[in-house]
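What Swiss-Prot says about this one:
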BINDING   GLY75, THR78  Na(+) binding site
TRANSMEM  5-25  transmembrane segment
TRANSMEM  32-52  transmembrane segment
TRANSMEM  67-87  transmembrane segment
TRANSMEM  96-116  transmembrane segment
Amino acid sequence: MEQLVYIALLGALGCLCRYFLSGLVYQVFGTSFPYGTLAVNLIGAFLIGLVMEFSVRSAAIPPTLRFAITIGFLGGLTTFSTFSFETFRLLEDGALLIAFVNVLVSVVACLTCTWIGIMVARAL
(Lines of atoms letter the chains of each structure in order from A and count residues from 1; the text may use other names and numbers.)
(Lines give C-alpha, C1' and ligand atoms only; values in the text may rest on other atoms or scores of the structure.)
Protein backbone atom coordinates (compact mmCIF):
# COMPACT_ATOMS: atom_id res chain seq x y z
CA MET A 1 0.00 0.00 0.00
CA GLU A 2 2.86 2.36 0.84
CA GLN A 3 4.28 1.84 -2.67
CA LEU A 4 0.97 2.90 -4.22
CA VAL A 5 1.02 6.13 -2.22
CA TYR A 6 4.53 6.95 -3.48
CA ILE A 7 3.54 6.17 -7.07
CA ALA A 8 0.41 8.34 -6.75
CA LEU A 9 2.29 11.26 -5.19
CA LEU A 10 5.07 11.23 -7.75
CA GLY A 11 2.52 10.68 -10.52
CA ALA A 12 0.72 13.84 -9.45
CA LEU A 13 4.03 15.71 -9.41
CA GLY A 14 4.83 14.40 -12.90
CA CYS A 15 1.43 15.58 -14.19
CA LEU A 16 1.99 19.05 -12.78
CA CYS A 17 5.46 19.19 -14.32
CA ARG A 18 4.00 18.15 -17.69
CA TYR A 19 1.34 20.85 -17.44
CA PHE A 20 3.81 23.62 -16.64
CA LEU A 21 6.66 22.47 -18.91
CA SER A 22 4.49 21.89 -21.97
CA GLY A 23 2.72 25.20 -21.36
CA LEU A 24 6.06 27.01 -21.16
CA VAL A 25 7.29 25.35 -24.36
CA TYR A 26 4.08 26.29 -26.19
CA GLN A 27 4.47 29.91 -25.02
CA VAL A 28 8.01 30.04 -26.41
CA PHE A 29 7.58 28.06 -29.65
CA GLY A 30 3.88 28.43 -30.42
CA THR A 31 1.27 25.80 -31.19
CA SER A 32 1.85 25.13 -34.89
CA PHE A 33 3.59 21.86 -33.91
CA PRO A 34 3.13 19.73 -30.75
CA TYR A 35 6.36 21.10 -29.24
CA GLY A 36 5.17 20.86 -25.63
CA THR A 37 4.24 17.20 -25.85
CA LEU A 38 7.47 16.42 -27.67
CA ALA A 39 9.51 18.23 -25.02
CA VAL A 40 8.02 16.38 -22.04
CA ASN A 41 8.30 13.05 -23.85
CA LEU A 42 11.97 13.72 -24.68
CA ILE A 43 12.74 14.61 -21.07
CA GLY A 44 10.90 11.53 -19.84
CA ALA A 45 12.68 9.28 -22.35
CA PHE A 46 16.08 10.54 -21.20
CA LEU A 47 15.17 10.16 -17.53
CA ILE A 48 13.81 6.62 -17.87
CA GLY A 49 17.02 5.53 -19.59
CA LEU A 50 19.07 7.16 -16.85
CA VAL A 51 17.03 5.87 -13.90
CA MET A 52 16.54 2.32 -15.17
CA GLU A 53 20.16 1.81 -16.20
CA PHE A 54 21.49 3.39 -13.03
CA SER A 55 19.19 1.29 -10.85
CA VAL A 56 20.24 -1.91 -12.65
CA ARG A 57 23.92 -1.13 -12.12
CA SER A 58 23.66 0.20 -8.58
CA ALA A 59 21.71 -0.42 -5.41
CA ALA A 60 21.51 3.35 -4.90
CA ILE A 61 17.90 3.42 -6.11
CA PRO A 62 15.80 0.89 -4.19
CA PRO A 63 12.94 -0.78 -6.10
CA THR A 64 10.25 1.18 -4.24
CA LEU A 65 11.80 4.48 -5.30
CA ARG A 66 12.50 3.23 -8.84
CA PHE A 67 8.82 2.29 -9.27
CA ALA A 68 7.69 5.63 -7.85
CA ILE A 69 9.97 7.50 -10.24
CA THR A 70 9.33 5.47 -13.39
CA ILE A 71 5.67 4.50 -13.03
CA GLY A 72 4.63 7.54 -11.01
CA PHE A 73 6.66 10.61 -11.96
CA LEU A 74 7.66 9.65 -15.50
CA GLY A 75 4.26 8.11 -16.18
CA GLY A 76 2.68 11.42 -15.21
CA LEU A 77 5.26 13.51 -17.05
CA THR A 78 5.11 11.73 -20.39
CA THR A 79 2.03 11.29 -22.52
CA PHE A 80 1.53 8.89 -25.38
CA SER A 81 -2.19 9.61 -25.41
CA THR A 82 -1.70 13.34 -26.05
CA PHE A 83 0.90 12.55 -28.71
CA SER A 84 -1.64 10.25 -30.39
CA PHE A 85 -4.48 12.76 -30.16
CA GLU A 86 -2.39 15.68 -31.44
CA THR A 87 -1.12 13.57 -34.33
CA PHE A 88 -4.66 12.46 -35.17
CA ARG A 89 -5.82 16.09 -35.18
CA LEU A 90 -2.99 17.02 -37.53
CA LEU A 91 -4.05 14.23 -39.88
CA GLU A 92 -7.69 15.25 -39.60
CA ASP A 93 -6.78 18.86 -40.41
CA GLY A 94 -4.89 17.75 -43.51
CA ALA A 95 -1.47 18.59 -42.09
CA LEU A 96 -0.06 15.27 -43.27
CA LEU A 97 3.57 16.37 -43.43
CA ILE A 98 3.49 17.86 -39.94
CA ALA A 99 1.82 14.71 -38.60
CA PHE A 100 4.46 12.52 -40.27
CA VAL A 101 7.28 14.68 -38.92
CA ASN A 102 5.73 14.54 -35.44
CA VAL A 103 5.62 10.74 -35.49
CA LEU A 104 9.10 10.37 -36.96
CA VAL A 105 10.76 12.93 -34.69
CA SER A 106 8.95 11.67 -31.59
CA VAL A 107 9.94 8.04 -32.09
CA VAL A 108 13.53 8.61 -33.23
CA ALA A 109 14.28 11.40 -30.77
CA CYS A 110 12.71 9.61 -27.79
CA LEU A 111 14.68 6.44 -28.52
CA THR A 112 17.82 8.56 -28.87
CA CYS A 113 17.13 10.32 -25.57
CA THR A 114 16.62 6.97 -23.84
CA TRP A 115 19.94 5.77 -25.25
CA ILE A 116 21.67 8.96 -24.08
CA GLY A 117 20.20 8.47 -20.60
CA ILE A 118 21.53 4.91 -20.53
CA MET A 119 24.97 6.07 -21.68
CA VAL A 120 25.06 8.79 -19.02
CA ALA A 121 24.11 6.26 -16.33
CA ARG A 122 26.86 3.91 -17.49
CA ALA A 123 29.38 6.74 -17.28
CA LEU A 124 28.47 7.55 -13.67
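Backbone N, Cα and C atoms are what each Cβ position is placed from, and that goes for glycine too.
A simple way to gauge crowding: the CB of THR78 (Na(+) binding site) has 22 other CB atoms within 10 angstroms, across all the protein chains here. In the three-state DSSP reading, THR78 (Na(+) binding site) counts as coil. Sequence-distant contacts of the transmembrane segment (96-116), counting only residues of its own chain at least 6 positions beyond either end whose CB sits under 8 Å from a CB of the stretch, comprise 32-34, 38, 41-43, 45-46, 48-49, 83, 86-87, 90. All protein chains included, GLY75 (Na(+) binding site) registers 17 other Cβ atoms within 10 Å of its own Cβ.
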